[in-house]
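Let me begin by presenting the structure, written as structure tokens, before commenting on it.
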Amino acid sequence: MICGSKKKAYLKSQNLKILGQGKLNGIVKINGAKNSALVLLASSLLTNEKIILENIPYLTDIEKMGNILKNLGVNLIDKNDQLEIDPTNISIKELPYELVNGLRASFFCIGALLTKFGEAQVPLPGGCNIGSRPIDEHINGLIALGADIIIEEGIVKAKIRGNKNKLHGTHIKLKCPSVGATETLIMAASLAEGRTTIENAAREPEIQDLCHMLNKMGAKIYDSGKETIIIDGVNKLGGCTHKVIPDRIEAGTFLIAAAATSSSITISPVIPHHLEAVTNKLQESGSKITIKGNSISIKSKEIKGVDIETAPFPGFPTDLQAPFTALMTIANGESKITETIFENRMNHIHLLNKMGARIKLNENVAYIKGVKTLNGMDLIGSDLRSSAALIIAGIIAEGTSNIYGLEHLDRGYENFELKLKKLGIKITREFNKSTFEENEFKIEPKSEDISNLRAA
């Protein structure tokens with residue numbers, strides 16, 4: 001729904017109240033991937049024709065990106081689980097700080113705006129406080145493509161160099177396989193003049209989804225999902241209809257929750273090979289995994305400790321490190337969790353220890369000795385994935401837990417507690433109302449339950 005004028009709404013301080021030691025049973029519907037949907041929304045800026053995105057998740061991050069596009073002049077219509085995007089009336093090439101603050105994915109817009117209009121101004125990105133995520137690779141790549149870039153007072157100002165009206169193809173070798181840089185440079189190169197080669201590119205499924213959609217729009221992108229991606233620039237891109245891939249992180253979170261509670265569930269739809277690193281570790285820890293078509297079933301009893309080390313795809317995803325750490329707290333034996341992607345992604349460790357876990361942290365490595373159970377507590381999640389980990393810990397624990405900081409959780413999990421409740425977990429969202437004024441794009445709720453959650 002597009003809100004055309006200011007209206008009164010409610011900003012709610014919320015918590016999840018969890019009665020622990022429950023079990024999960026049933027089927028979980030997995031939503032569209034947040035990390036894919038965000039970059040697909042940004043890529044709609046590359047065309048003057050309508051884009052229809054299917055399987056868009058209902059998340060606060062998606063709303064933020066919708067508001068950014070609306071501010072640029074894009075018309076958005078949400079209907080029947082589809083989002084229609086009409087970018088024909090884009091009139092602004094600058095993103096305001098108040099809209100992009102807290103949404104790192106907003107920076108993806110710079111590549112699309114620069115290559116389409118010849119210039120762009122985008123504030124430095126925000127997002128979860130999980131450590132330094134520099135944009136050097138984005139900037140260096142855009143400069144190599146022919147942009148002049150300066151950063152003034154937190155604003156990245158980019159303009160095509162000289163009197164040219166197009167970026168030019170080039171060879172770019174990334175120092176590390178950055179997902180954001182790969183996506184930004186793919187979008188920028190899609191309308192550049194000539195061929196661009198991106199070496200040491202990220203291989204994540206969300207990048208493959210972006211390339212698939214851009215090719216539907218008329219782009220010429222080859223070898224997405226490989227370490228070297230080739231883009232032959234085209235003069236213009238058209239419209240298309242595209243279905244967002246399933247969210248592998250949401251899927252993995254539910255599989256881990258089932259393993260942690262000795263439960264049996266089925267998740268669908270998923271793309272099983274996107275989850276191979278996760279299902280392999282769950283099998284190693286004692287769970288039985290069955291794959292049939294686009295569904296994965298898990299049966300879990302006793303869990304034993306296993307070691308994981310996060311890595312770029314196809315390795316173990318950093319976004320599931322915190323939930324898997326929660327699982328290992330009650331595993332038999334010892335385990336070691338090594339975080340290699342972000343230097344500040346262990347914020348959940350001291351909170352799990354408060355619940356009775358036995359974890360020693362040495363910089364980016366957590367050494368865990370499994371305990372029989374955890375104890376319910378009131379805790380505040382500090383970022384998206386640590387919040388999910390605390391909810392899993394609350395389900396494991398004896399007694400009642402109240403998990404706060406749901407503004408982080410709602411950035412990445414659609415209707416999380418209602419799905420858990422449907423699976424048999426005793427969990428309730430509690431509200432504390434206060435009013436504010438808003439004028440924002442909102443994706444319509446997909447069920448009566450979500451409507452009730454948002455009702456004033």
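Any Cβ shown, glycine's included, is placed from N, Cα and C.
Record features, source Swiss-Prot:
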BINDING   Lys34, Asn35  phosphoenolpyruvate binding site
BINDING   Arg104, Asp319, Ile341  UDP-N-acetyl-alpha-D-glucosamine binding site
ACT_SITE  Cys128  active site, proton donor
MOD_RES   Cys128  2-(S-cysteinyl)pyruvic acid O-phosphothioketal
Since the record lists Lys34, Arg104 as binding-site residues, which of them has the fewest other Cβ atoms within 10 Å of its Cβ?
Arg104
DSSP-derived structure type at Ile341 (UDP-N-acetyl-alpha-D-glucosamine binding site), helix or strand or else coil
coil
Under a criterion of Cβ-Cβ distance under 8 Å and sequence separation of at least 6, what residues of the same chain contact Ile341 (UDP-N-acetyl-alpha-D-glucosamine binding site)?
Thr310, Ala311, Pro312, Thr318
List the residues of the same chain that sit at least 6 positions away from Asp319 (UDP-N-acetyl-alpha-D-glucosamine binding site) in sequence and have their Cβ under 8 Å from its Cβ, in sequence order, or write 'none'.
Ile249, Gly252, Leu384, Arg385
Whole-number answer please: how many Å between the C-alpha atoms of Asn35 (phosphoenolpyruvate binding site) and Arg104 (UDP-N-acetyl-alpha-D-glucosamine binding site)?
11
Using a 10 Å radius around its CB, how many other CB atoms surround Asn35 (phosphoenolpyruvate binding site)?
24
DSSP output for Lys34 (phosphoenolpyruvate binding site) maps to helix
Between the Cα atoms of Arg104 (UDP-N-acetyl-alpha-D-glucosamine binding site) and Lys34 (phosphoenolpyruvate binding site), find the distance and write it as a whole number of Å.
13
